[in-house]
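Note sheet for the following structure.
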């Protein structure tokens, strides 16, 4: 006989080794270890929240039998309604389904306080929105089976045999089906799918879905106890302060149980370990939909290895659509504060999608619960990006205000505005006349707003900001993946795309992961297709450059036309008119080419024949980014680095096609043209994107409702949309974009590029981005909640290929800002003059830039029309005067400025890249306390699984009065 403590110690050391249960059960008592005891005690309490209300059973469950097993027999309803006899060829008889043994709920959970049946019904109705079946459309006709998925097909579709086989196999997998005709279209039929408890448990185990196991407890030592007292005092002090208006009220959103519980992969053999209050709500609606989607993806519709999956049936028009249903309406006649939320969709609308709460934090846990982790991560990233834009916008506004308040004291602006006697050379060949430098006073002041002493500081700040943003996002993502239980989640082996299988069905090889034969794409075929795709990409980029060249030609022609107009206002501001019209024409070309690029990217991606959907999405996203990035920024690069660099000099101007004189910069610099280009494109593009995101779906849904009211599709004339069942309402909504979240990420990543790449020339870009994103969050929320069908809740651990693109943009931003400061702005020429040629070189004066404007202008000898009188004009360049030994050659000051520009680029890039690398090294990707928590919880999970198994075995021994002689399971 082994001693009690010895047996327990040996068992803890072995844990799953070949130790017989009978040796353990011989002992008198088994006590849980003191380390895991607090966890077991805490697991007895559960938060009273929305999930608890949903989990309160309205009917008492029958007591389990002596052996702990219960049988439940569910007889399905007829699949077809009585009035659809015209579908005689479509009949699929559903057989009665007998569920397997269902383990009972955990006995260790204490009974809740007695609550009257009327109160329970009121709570359930107010929270979950349980209304009569005909009006809610969330259940089968019996009012008990919840609808987990909806398939839509047309009665006129010829794919009857495939559909019947598919539905028969779905029932064989354990799912329940029920058909319902559409009330708005006689040709539409809905197939409602319900997953019973047995099917949910079976596939949850196969998919390794993690479910709540025990309440979380946290390790406490002297350090954490001290910090705990400090945090309590801080909370007490904060309670005296005004409440943060950005935080949502605790009463407004319920706590979600999963965020406060340990989780473990679900197992039917160890179901007694899990916190099962109610089988109807143990699996959330999104989890149930994901399980059903998993079954739909792997059910056959014909004999053959590849004849399976709902995606193929959607592709060959067997079904028109497949989607999980929304949880009811998003509006209520009663206020949410007094009557509570009807469902999670209503709660999301009231606490997330309404415009009145634009300043509130997003309820990320609820978004994740309703739409899945992939969409939740997108909104988490968007919210994080928007929050990080706040300091960038504040610094940008500070730089702009600094230029605004010091504008009148600028020495350069003063010299330009007071240069009434300085005659400038004509800006065009025939129709232009010499003009005075003081005419450009307004341009000089506006340029100073964006080109002042704070420009270099702001460029360095934004480069560091981009690094801090990405590094802290990694930490935020790690916290979210921990809170959302995605740390140990591994992406499932994806199924092959139907197009890939159809193309390469004759070639097969064994999949190294699954060990099954699958179609195979030869390397030579893959390489040839990739080369064609790359050639298409370069062709489209060349098309962008052609469009930019066309805009340049337009600017040259418009410059001559505006200069020849005799109106005083136009003749005085012809350069501004040329830039403004050029920007508007360029914006229209950009938006037109974007439509072409999307179609070309779609064709090129399909030409490559990607193996899986994720590979297709990554390839398509990369092409769309390349196309739209080049399309959006090519003209900006031209203005920043090429405009006015090759114009020549008076008497020797360079001409395009020997016809049009190349455009040159204004005497105050080219930066004002770059600011105008960025401001117009960024402003109008954001307005257009917001209209297409919300306005277009609103118009489409309005048109659908209009046709529905008229009964144009042969259905009933429905005056009120709320009279329709939920499946009909969802069918009349717009489906989510075919490309998923690609368009959403693409818009924000392009904005991130605009905000960082040329931010030295336009410090107000972060402010515009911040204002747009505040609107964007609510627009996207409103669109997902009210205008789109509910997407399939997908899982993800990061934002995918977009993180690498963001890091690439951050590197490019450092380089471009260095060139903008060194080449486009006048910062380097002013710096060289102040420390080499200005009055401060010999004498210590405050006005080191006095005389800078005269130093930056060269002299050109003009001959009068009669040829007798000689006149002189000034132009912007560093060239020798006409009376020197080498007239019109570059002066020494030009080479000093050029050397200083090159040196600044090298120093700036190395300094900023060094700072970025150092900051990235200092900031770990995962917080240290999170690492410790994960390791601690892994240890506690092993302890709790062991203790829970011992507790279960003790109860079984007391209950049955017999010993077990089989090995440890």
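Note that Cβ sites are derived from N, Cα and C of the backbone, with glycine treated the same way.
Automatic, uncurated: that is what TrEMBL annotation is.
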Range among 774-798, 799-823, 824-848, 849-873 that TrEMBL annotates as transmembrane segment: 799-823
Stretch carrying transmembrane segment according to TrEMBL (options 716-741, 898-923): 898-923
Transmembrane segment according to TrEMBL, located in which of 455-473, 474-492, 493-511, 664-682: 455-473
Which listed span TrEMBL calls transmembrane segment, if the choices are 322-349, 350-377, 378-405: 378-405
Selection from 530-554, 574-597, 625-648, 898-923, the stretch that has most Cβ pairs under 8 A to the transmembrane segment (749-771): 625-648
Contact yes or no, the transmembrane segment (455-473) and the transmembrane segment (898-923), 3+ Cβ pairs under 8 Å, gap 6+: yes
Interface-richest range of 574-597, 625-648, 799-823 toward the transmembrane segment (530-554), CB pairs under 8 Å: 625-648
Remote residues contacting the transmembrane segment (625-648) - C-beta distance under 8 A, at least 6 residues beyond either end: 537, 540-541, 544-545, 547-548, 551-552, 586, 590, 593-594, 597, 600-601, 654, 661-665, 670, 673-674, 677-678, 681, 685, 746, 749-750, 753-754, 757-758, 761, 805, 816, 819-820, 823-824
Same-chain residue ranges lying at least 6 outside the transmembrane segment (574-597) that approach it to Cβ under 8 Å: 427, 540, 543-544, 547-548, 550-551, 554-555, 558-559, 562-563, 565, 624, 627-628, 631-632, 635, 663, 666, 673, 676-677, 680-681, 684-685, 688
Other parts of the chain folded back onto the transmembrane segment (799-823), taken as Cβ under 8 Å at six or more residues beyond its ends: 377-378, 381, 455-456, 459, 462-463, 466-467, 470, 477, 617-618, 621-622, 625, 640-641, 674, 745, 749, 752-753, 756-761, 901-902, 904-905, 908-909, 912-913, 916
PLDDT averaged over every residue in the domain 'Anoctamin dimerisation' (139-364): 82
